[in-house]
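This report concerns only the one structure given below.
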């Protein structure tokens, strides 16, 4: 009987131990599922962080590009340079930089238009000089082809006498017609004298009279 009771007690202890072990095992979660959930959650978090980091980097690049653009404008536009040393530590605002850039561009447009007008004028002058050059070359060539033609030309003294006679005649009429009491009256008299005394027919008569006078002196 004592041995039977001892075996029964041991069997009861083993049965209780097995029941406790099975209960403890059932209460512990599956380690495979836990590992799977553990790896999946950080993956989702990392993907969000990656998108957030990419967006942050793109935004930073955009801001750096804008900052570099404003710095380049301040370096290119002369009016953006600080002239007052007392405010040299103060940074120009973006609005001021843009306004100064607009003003400088408008100034450059005006200078460009002015230079284009000057170039156009110079081109006309060059064209006129080329025409004069061709005419003088033709005159020189004509003299070279006919070297004896210059012997019958009028002397410089006779030319000066004709010029002097014409100018004396014009000055006499000019002096008799012009009043210098005021600039307004002077201007009016000059225009009136030009209209009356510098007509083609009047000048022709003056020149013919001077030529007759010079001819009578020479012959």
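Even glycines carry a Cβ here, placed using N, Cα and C.
Per TrEMBL, coiled coil is recorded for 105-132.
Per TrEMBL, the feature compositional bias 'Polar residues' maps to 15-30.
According to TrEMBL, the feature compositional bias 'Basic and acidic residues' maps to 37-49 (among others).
If you look up TrEMBL, you'll see 56-65 (among others) marked as compositional bias 'Basic and acidic residues'. Here the compositional bias 'Basic and acidic residues' (56-65) has, by DSSP, the following mix of helix, strand and coil residues: 10 helix, 0 strand, 0 coil.
What TrEMBL lists as domain 'BHLH' is 50-108. The average pLDDT for the domain 'BHLH' (50-108) in the predicted structure is 83.
Annotated region 'Disordered' per TrEMBL: 15-65, in sequence order.
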Exercise for review: Could you break down the residues of the domain 'BHLH' (50-108) into DSSP helix, strand and coil, giving a count for each?
Suggested key: 48 helix, 0 strand, 11 coil
